[in-house]
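Colleague: When I checked Swiss-Prot for this same protein, it listed these features:
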- 96: active site, proton acceptor (ACT_SITE)
- 270: active site, nucleophile (ACT_SITE)
- 96, 97, 98, 99, 100, 150, 193, 220: substrate binding site (BINDING)
- 308, 310, 313, 339: Zn(2+) binding site (BINDING)
- 251-257: region 'RNA binding' (REGION)
- 275-279: region 'RNA binding' (REGION)
């Protein structure tokens, strides 16, 4: 895929780490990296409009193949003119393969060489997803960046199981490449798996790099391992990937994990974290996490985060946000979601500047001293 519609341009390497400043060029525009991608599971980033996403600096969003396949259906979206037109988003879109959702949401899974049979979590009907079908759905969706269909072994599964799993994922990746109908306007990434085993990650990366994908995803992390274990896997995995292609760490959204991923050479991240926790009143601030629903904020007439200049922090107080959330008002969720997304997008903007200034390690130290550091590795 050397004539891929997805191009990575390296602008600068940070002197003291593996971090890199760059940009990714797609058919729907160019975005700077490192970048956090908000997740629009059902073709919408929950409670946020496309205009708000652009306002907060989101250069690309992610949508979920599994959910859109089940509802409203990829063929309907194709008839609407593709996902960009359907959801009125004219900037880049990345879609996952549906694999992770099949393994985490669906019941009664049965994995064979052909693909995965499972029960639809909405109505219980029996369904089948193969590498070819995953590509076909994404071709219908028309995303700029698509993912290969992979198996997602858990981090602590036995070596022999993980070895068989990555070998199958490599065969599935090859099948997906052959099934890809739109290589001229949709890039396709391979997904490196291998749990915590360095030799299996090496084997997986070697297989996929030989297939010349548009970019490479690092899967199977942020699934229960410690922060230290995730960093160790990233330390050796990013070294196995080509410098002229994008690197995407899947499902990671905790601020300290984003910075640590960038330090190890990752360009792209996604996670439902900012909008999911916002719905419960949990907000990311420069001083750490804050649960604005708590009683202590009932008469706190200060901004959510005095150091933040987002729409929420410029206009509303903690007391008002608490009132909205306690009253189950949707506007409260809109405001906390906006803030959390802005916080992560602004963090990545600061990280990009720190790479430019060659002081990313100092920035990390300063950030973690105020925000805190999550050793467990849980996305929070």
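Think of each number as a place in line: the chain as shown, counted from 1.
Just so you know, glycine gets a Cβ as well, placed from its N, Cα and C.
Give me the lay of the land around each of these features.
Modeller: Around residue 96 (active site, proton acceptor), the same-chain residues at least 6 positions away in sequence with a Cβ under 8 Å from its Cβ are 62, 64, 65, 66, 147, 250. In this structure, residue 96 (active site, proton acceptor) belongs to neither helix nor strand by DSSP; it is coil.
Around the Cβ of residue 270 (active site, nucleophile), the number of neighbouring Cβ atoms within 10 Å comes to 22.
Under 8 Å, Cβ to Cβ, and six or more positions away along its own chain, residue 193 (substrate binding site) finds 150, 151, 152, 153, 162, 165, 166, 169, 200, 201, 204, 219, 220. According to its DSSP assignment, residue 193 (substrate binding site) is coil.
Take the CB of residue 313 (Zn(2+) binding site) and look out to 10 A: across all protein chains shown you find 23 other CB atoms.
Broken down with DSSP, the region 'RNA binding' (251-257) shows 3 helix, 0 strand, 4 coil.
Remote same-chain residues near the region 'RNA binding' (275-279) are listed as 38-39, 45-48, 333, 336-337, 339-341, 380 (criterion: CB distance under 8 Å, separation of at least six residues from the stretch ends).
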Colleague: Rounded to a whole number, what is the top Cα to Cα distance in Å among the residues the record ties to substrate, namely 96, 97, 98, 99, 100, 150, 193, 220?
Modeller: 15
Colleague: Around the Zn(2+) site formed by 308, 310, 313, 339, list the extra residues of the same chain whose Cβ is within 8 Å of the site's Cβ centroid.
Modeller: 303, 304, 305, 309, 311, 312, 314, 338, 342, 343
Colleague: Rounded to the nearest angstrom, how far is the Cα of residue 100 (substrate binding site) from the Cα of residue 270 (active site, nucleophile)?
Modeller: 13
Colleague: In the predicted model, what is the mean pLDDT computed over the region 'RNA binding' (251-257)?
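Modeller: Across the residues of the region 'RNA binding' (251-257) the model's pLDDT averages 97 on the 0 to 100 scale.
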